[in-house]
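> So TrEMBL has the following annotated:
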type     : residues : note
DOMAIN   : 6-174    : domain 'Glycosyltransferase 2-like'
TRANSMEM : 248-266  : transmembrane segment
DOMAIN   : 250-370  : domain 'GtrA/DPMS transmembrane'
TRANSMEM : 278-300  : transmembrane segment
TRANSMEM : 312-332  : transmembrane segment
TRANSMEM : 344-363  : transmembrane segment
Amino acid sequence: MDKVVIVMPAWNESDNIKRMIAELVDKELPQINAEMHLLVVDNYSKDDTAKIVEEASKTRNNVHIIQQGDKSGLGWAYIAGFKYAVSKLGADAVMEMDADFQHPPRFVKPMVEAYLEGADYVIGSRYIPGGSIPKEWAFFRKFISFAGNLFIRLVLLKPRIHDLTTGFRLTRVKGVLDKMDLDNLMEPGRFAHKVHLLYQAIKNSKKVVEVPLEFASRTQEKSKFNTKEMIATFKVAIILGIKDKIRFIKFGTVGFLGFMVNFIGIRVFRGMGLAETLAWLFATELAIINNYTLNNIWTFKEAKIGGLGKTIFKFLQFNVTSAGALAIQSIFGPLGVRLVGVRFDWLVLAVVVVLMVLPYNYLMYNLVIWKTWKLPWAKKANA
Ligand code: GDD
Ligand code: MN
């Protein structure tokens with residue numbers, strides 16, 4: 001049977017944690033078709049949180065508690081909890097869940113079921129049908145929650161995922177959590193770490209599933225979320241968003257330099273008295289050499305091609321794929337001009353380059369030349 005450990009940070013939650021053990025551990029978990037454990041991560045609460053959990057663990061072998069150490073903040077609690085769940089409890093999957101009943105215990109079962117059906121990462125989502133945020137929240141709070149999510153979704157380019165900041169999730173250990181770098185988690189002291197966890201989990205997951213979550217309002221005490229936390233969350237999203245696109249940005253830069261080389265080259269060769277066709281030919285080849293070299297030592301430096309034989313082969317291959325780009329341009333350019341008129345040739349050029357030539361080149365570089373992408377079926381064959 002699969003072992004699922006619910007990692008539950010709790011800080012001064014004695015009332016909640018008492019109820020949580022009664023309702024989650026004693027009522028909900030036995031109904032789930034997996035070996036379910038609760039691991040409370042306390043941060044030296046000033047109330048009875050630790051005492052209550054320790055007491056409960058004496059009569060239940062699936063209740064555990066650890067102290068997160070001297071670093072305070074939710075992310076640190078999860079780092080300590082995940083590590084303990086994997087190394088000490090032998091978890092096959094870990095869950096993130098709050099102790100304050102904002103994640104009602106009845107939603108644990110559908111999350112675990114999605115995992116048992118093959119999901120690598122399960123997201124308890126407030127923004128899909130069936131999910132919700134508290135009706136009693138003020139309009140502004142609702143707006144912030146919704147808009148913040150939308151913003152992160154756009155920045156990270158994750159349109160298929162609807163809730164990127166939820167605190168209710170499940171992560172498979174093998175192949176996902178064990179590939180994640182918990183020691184370098186961004187903003188571990190803040191809520192913002194959630195976005196970095198999500199980012200890493202999605203990167204390593206083949207199957208991501210969202211399950212509806214009715215996010216309840218907090219019954220006891222006040223939320224620790226505030227503007228500072230929100231700004232930190234956006235910051236993490238933006239940094240990760242850029243990091244993800246950095247190769248594409250370099251590719252674009254090299255492409256632009258190539259264009260300049262081509263542009264200046266034509267004039268230089270023409271000035272040297274070369275025939276027009278030859279001037280274009282030489283300038284184009286110069287741009288190709290420029291693009292190959294810069295992409296090789298910069299854009300794709302992690303997959304750099306070296307050695308004389310390999311370089312010659314790859315460079316010839318690069319010329320062939322570049323000819324493909326040229327072909328696309330010389331077929332769709334005139335076609336577009338016929339459609340919208342020669343007055344808009346600049347628009348045609350822009351559209352053809354941005355929508356066709358750039359994606360084509362990027363695809364070829366990643367798939368054929370530097371082979372940094374693997375097709376899904378190739379991935380399977382290698383694994
Ligand atoms: N051990 C430990 N240490 N636990 C903590 C700490 C800490 O420093 N800070 C908070 N907790 C525990 C709380 O006791 C609670 O169980 C849980 O973490 C969530 O804290 P809340 O203060 O209730 O967070 P929230 O309701 O404002 O935020 C929720 O929504 C956010 C945005 O959607 C959480 O679900 C967040 O995870 C989520 O990002
Ligand atoms: Mn809460």
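Here, residue 1 is simply the first one shown, and the rest follow in order.
The backbone N, Cα and C atoms fix where each Cβ goes, and this holds for glycine too.
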> Near the transmembrane segment (248-266), which same-chain residues lie under 8 Å Cβ to Cβ, leaving out any that are not at least 6 residues past its ends?
242, 279-280, 282-284, 286-288, 290-291, 294-295, 298-299, 358, 361-362, 365
> If I take every residue in the domain 'Glycosyltransferase 2-like' (6-174) and average their pLDDT values, what number comes out?
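Looking only at the domain 'Glycosyltransferase 2-like' (6-174), pLDDT averages out to 95.
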